[in-house]
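In TrEMBL this protein carries:
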type	residues	note
DOMAIN	A:11-422	domain 'Ammonium transporter AmtB-like'
TRANSMEM	A:12-33	transmembrane segment
TRANSMEM	A:40-61	transmembrane segment
TRANSMEM	A:102-124	transmembrane segment
TRANSMEM	A:131-153	transmembrane segment
TRANSMEM	A:173-195	transmembrane segment
TRANSMEM	A:207-227	transmembrane segment
TRANSMEM	A:242-259	transmembrane segment
TRANSMEM	A:271-289	transmembrane segment
TRANSMEM	A:295-313	transmembrane segment
TRANSMEM	A:325-347	transmembrane segment
TRANSMEM	A:367-395	transmembrane segment
Amino acid sequence: MEFELNPGNTAWLLTASSLVLLMTPGLAFFYGGMVRGKSVLNMMMMSFSAIGVVGIIWAVYGYGLAFGADTAGGFIGNPADALFLKLDDGEWWGAADTGVPALVFAGFQATFAIITVALISGAIADRVKFVTWLTFAVLWVTLVYTPVAHWVWGGGILAAGPIVDALSLPIDFAGGTVVHINAGAAGLALALVIGKRKGFGTEPMRPHNLPFVMLGAGLLWFGWFGFNAGSELAADGTAGRAWVNTLLATCVAMLAWMATEKLRDGSPTSLGAASGVVAGLVAITPAAGTVQTEGALVIGLVAGVLCALAVGLKFKFGFDDSLDVVGVHLVGGLVGTVLIGFFATNGEYGSFYFEGSLNGLFYGGGAIQLVTQVVAALIAVVYSFVLTYGIGLLLKVTLGWRVTEQEEVDGIDLAEHGETAYEANSTIAEVR
Amino acid sequence: MKLVTGIIQPHRLDDVKSALEAAGVRGMTVSEASGYGRQKGHTEVYRGAEYTVDLVPKVRIEVLVSDEDVTAVTDAIVGAAQTGKIGDGKVWVVSVDDVARVRTGEHGDAAL
């Protein structure tokens, strides 16, 4: 196919990429506000460092692994296809048929890989060595993110082959399986490998700066319009559909989380509103371009209520998923991915037609798409959990994950970064 | 000489300061404190996890006064800090052996 540049689509995708990149600093604030004041810098650094590590890996070989030609039976892409992003405009790279140059698409996808890694850090707050985290980021994006991205978006086993032939094409518009289920299952695995913070469940660990959390949620919401509407890879009506759904599902989820809190705890909280925003964004991600307005509203409602209930599970089961990566991203990702099986519409009112997929149960397509969605979600959960558990164990016996107990008590900011966030007025003994 | 210490609700500080100035007090020390008396604390809920916050924010105000001013100063603090609700705080008085003004080296009442 002859490549023909479409400046409008290209301009939108460059803009959307910048929006998505802003989500990771936004996440740093969202997460940073939720931890105690003695570990806010480490929490924010885990997000910022993910930009550094993953950005480079993506350019050197990661993009090829995810989007290169099928190798190993559709398990992974061929990294040799895109080493150091030596790409020609005319090559087929996902967005070529909408007139977007390969390099622009590669940049857009880099921002997705970055935030997926950063999301995991919420499960392991306050207690891990920074070097081990950086090493984890390298291993995880290579061994877990790129295969799953390849399966779903790069032409791999969830885009073509026996599963698709037997059922139908799984729908993941912007990253429900690749990003959120993937990060959520990884967060659960790491929280189990690394263990609880000292004092988890007995000492108070309340968020130290809720305005940071609100600021972060706002930046995430803003950036998410690039994430979802950008995933159309074109500036058209379906991008508008994704944009509107990203607004509406999030509106409902925020209110639903607050209502759940009002009924259960007595007060609608700012932390609940911010969490509801993120839960709604997560859930609508896979469905953004493929459901209509009523679908988006229901997805937001279910995500807001279910995630608000799910964040209590860690206390019940005794795992320290510190900032609820499981309760928000795994549960929210599953809600969106599975509800597509009820609400998918192909090509109506601006929704996108995934060739090979079926309408959802409520739109005359029968139950096959629902089964397909469940199967795709389960594959992502199992693969991410098992691989991440293995990587976690490997790092545990080699580099070691935990800082010492005393360092954890004193605050990881001081131990790992040699600085503190809020003690600028404390006496400095000597200037050297 | 006496040291008058008052633990009051933070939002009463401005009124207490005005009342002390009106009573002729020319200096004081104010610090942020936390504590509880009969009102105990309150409950906060974060993502469904309940925390009992028993130490609530208070302001501690300290004034050094001569013996004859003690009653007026104590009454000024009580009058201005009072809202009639549980948690208004306490004021107490202790005797002070000596006071020195750092700038001049004066001692006793002259240093007040």
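For all residues, glycine too, the Cβ spot is worked out from N, Cα and C.
TrEMBL annotations: computationally assigned, not manually curated.
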Cβ-Cβ under 8 Å with the transmembrane segment (A:367-395): same-chain residues at least 6 beyond its ends: 132, 135-136, 139-140, 143-144, 147-148, 151-152, 158, 163, 167-172, 176-178, 181-183, 185-186, 188-190, 192-194, 330, 333-334, 337-338, 340-342, 344, 357-361, 401
Highest-contact recorded stretch vs the transmembrane segment (A:173-195), from A:207-227, A:295-313, A:325-347, CB pairs under 8 Å: A:325-347
Proximity verdict for the transmembrane segment (A:131-153) and the transmembrane segment (A:295-313), three or more C-beta pairs under 8 Å: no
Taken over the domain 'Ammonium transporter AmtB-like' (A:11-422), the model's mean pLDDT: 95
Long-range environment of the transmembrane segment (A:325-347) - Cβ separation under 8 angstroms, sequence gap at least 6: 119-120, 122-123, 171-172, 176-177, 179-185, 187-188, 191, 275, 278-280, 282-287, 290-292, 294-295, 298-299, 302-303, 306-307, 310-314, 353-354, 357-363, 365, 367, 369-374, 376-377, 381
Distant-in-sequence neighbours of the transmembrane segment (A:207-227), which means Cβ under 8 A and at least six residues beyond its ends: 15-23, 25-37, 40, 112, 174-175, 243, 246, 250, 270-271, 273-275, 277-278, 281, 285
Dominant neighbour of the transmembrane segment (A:12-33) in A:102-124, A:242-259, A:271-289, A:295-313, by Cβ pairs under 8 Å: A:102-124
